[in-house]
Structures are given as C-alpha cells and as structure tokens.
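First comes the structure, then the notes that go with it.
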Amino acid sequence: LRDRLLAAVVAVFKRHGAAAIDTPALELQETLMGKYGEEVKLIYQLQDQGGELLALRYDLTVPFARYLAMNKITNIKRYHIAKVYRRDNPAMTRGRYREFYQCDFDIAGQFDPMIPDAECLKVVHEVLSDLQLGDFLIKVNDRRILKGVFAVCGIPESKFITTCSTVDKLDKMPWEEVRSEMVGEKGLSPEAADRIGEYVQLHGGLDLIERLLQDPRLSQNKLAKEGLGDMKLLFEYLALFGITGKISFDLSLARGLDYYTGVIFEAVLLQQENDHVEEPVSVGSVAGGGRYDGLVGMFDPKGRKVPCVGVSIGIERIFSILEQRVEASGEKVRTTETQVLVATPQKHLLAARLKLISELWDAGIKAEMLYKKDPKLLKQLQYCEDTGIPLAAIVGEQELTDGVVKLRDVATREEVRM
C-alpha cells in the first residue's frame, strides 16, 4: 500500500519535470538551528566521537537550501522522498511518528510572481486527486498579509513568530482558547487579540481578497498590500488551472516555521469518516508548504539569495488514513507482489522445489516457497490464500516423471499441466 502511494506521488512530481535530489540524514547542528522557530525543540541533537555537533534532519527543506548554497545552484525543480526525524510524542492513529517519510517538491529560481507558487498548489491538487482520498481543501495565506494584519492590530514585530504559532492552532482549537493563549501566555493585550480575531477568522476566495484590498487599515500597510496583490494574482492562475473550487484563502493559516516569507499553504481532508467506523479518522493536515526566499542566503557566504517555493506531502499521515479505511472495510491488502508459490505434494522433494524456484527467479518471475523440507500441500495452499498469491506451481513425483509442472489457480482451484 505504501509502495503504491509513493509511486503515485513520484509520478506527479516527474510529470512536472522535477529531478531527484538527495541530502544526508545528518546535518551540522548549526545548519538546522534558528530555522524552525518554536519547533527547534523537536530536533534530535547528536554529538559524534570527534566532538562535532550534529543533528538529524527535521525536514527536507533546510538541507535543500544548504545544498543549493553549497553548490551555487540558482535554478532547479526538484523532488526528494526521504525520512525525517522529530523528538515528538508519537500518535500512531493520527500518523504522527518520530521517524517518517516526507515527499517534497520545490522550485528554486528567480521567476515572475506566483507562477511557480501556482504550480506547487496544482501539484498538491493532483497528488490528492490521484490518491482518491475523498474531499479535501487547500488553505492558502501569505506571511506578508499576516505581518500586515499583526502590524495594524498593534503587535510588535518581536512577537510575530510566537503569535503565528498560536494563530496556527485555530484549526484545532476554538477562537476563545486561542485568544486566551495570546493574552495569557504570549503577553498580547486583550484589545490587540480581539483586533486580530476580526481578521484571522475570515476565509473565502477572490471576493475576500478584493474586500481586504479595500480595508481602510490594511490598505495603509505596504506588506499587506503586496501580499494581497500577489494573492489576487495567484487566484487568477489557479482559476486557469481549474482548481479554485478546492482552494480557500484562509487568514488563520500561519504555519509555525520561521523560514516562510510569502505564500503559505496547507491541505486538509474534509471527509474522513466512513460507514464502518463511528469516529472519523483525524490526522491533521496531509500536505503543507510555502515560499522561503531568504533561506538559501543564510547558507551562502556572500548572502546571495535564491527564491524558493515548495510543498511537502505527509505520506505517513495519508497511509494512516488509507490503512484505517482498509481495516474498516475488511478488504485484504497484499503485503508482497509474489506471483507464484512453488509447492510439492510429497516428501523428499526439496531439491525439485529449489531447482524450479531458481528457474523462475532467473526468468524474472516473483516466486516464493515455504522454508520447510517436507511441508504439507494443504499448508502450502493455505499460505497462498492467506497472502493473496494467485498461483501455485506444484511439482510431485508424477510431474517429475512426466517432465511437467502442475499450475493451480488458487482462487478457482483450476489446474493445468505444462
């Protein structure tokens, strides 16, 4: 099942002309520190025998930026599928692990506004459509719009990142709890929190963007105007791609990571319940990303910037959803692609099985046999049924004498000699 998922995701990435790029699981600690905001506490920090401070990668984005700077690459479209590591509290039913796969698609280079950003959203739309996960929504916002909102609401720039991480909880907590955290833990005034609440609970499409462009407070803020102008352009491109029905401009979307500079987005599944389970499968977002124009420059000795935008698909979360659906439906999922089991009906025929299976493997046929000298035929056929192997190649004393193999269709029990 996971192989099928990964193959489908890779097919979309390749369709868009992305090249495969890999980076090491280990990075210098200094590479990862200061890039993730409050999430920095989730990084696994290591000290090797030589005393060098190392860390396990937290995501695939920061190592990619380091790779671009180190190799002086200014223009590339890439994908990377690999494991990342987080010192988190695992929640198996929600697809949340300490070690898990991410599937990243990124476009790096100086291009005209919002064209690569629109393609990244199209990639997310294609992946989630191809995987047939049910109804989904891709939320979109812009860090510049958020900064503008915070500025006109009287939030100091020093509290931007911490306020962002609180606002980002609006999809999991009601506004009253978010407001309480802003005032009680983050030190915002109740008035400022209420002003933020007027904006961050808004969501919509082009009509909302137009309305905010006319907003008397936001229209006076340079950053907010820039962000809203680009958001309008983005929605025009998304309309040409024919995907605006699945896109929502959502001012509550903040994305807690430090490195985002412009457009940010997150995909969530809307219909996770089914007829067989009482509780809906709740796993949070299944994809997220955004624009990070300043990250490459942090690794370049001369501070040269390479604009980047990318998306990460959470394959483990998607896998958790599909796994629970399969379990609930009672459908049997094969764990191997084995085409045939080599079987014998009598004792002392291990040599015949070994010769035949070797011939099949050499011919490129996926084959298995039981690791017993003299297994019972019933047990061998039962193994085929349990694992979904469709064919059994049976070679007994009579078959050896006649120079044939008996091929049995496990489901229909039909047999042919060949």
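Each Cβ is built from the backbone N, Cα and C atoms, and glycine gets one as well.
Values in this document were obtained by computation on a predicted structure and should not be read as measured data.
According to TrEMBL, the protein has these features:
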DOMAIN    1-345  domain 'Aminoacyl-transfer RNA synthetases class-II family profile'
BINDING   Asp59, Leu60, Thr61, Arg86, Gln102, Asp106, Arg255, Tyr259, Tyr260  L-histidine binding site
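Positions of the features from TrEMBL, shown on the structure.
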| residue | record | Cβ within 10 Å |
| --- | --- | --- |
| Asp59 | L-histidine binding site | 20 |
| Thr61 | L-histidine binding site | 27 |
| Gln102 | L-histidine binding site | 19 |
| Arg255 | L-histidine binding site | 23 |
| Tyr260 | L-histidine binding site | 26 |
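Maximum intra-site Cα distance, L-histidine binding residues Asp59, Leu60, Thr61, Arg86, Gln102, Asp106, Arg255, Tyr259, Tyr260: 22 Å.
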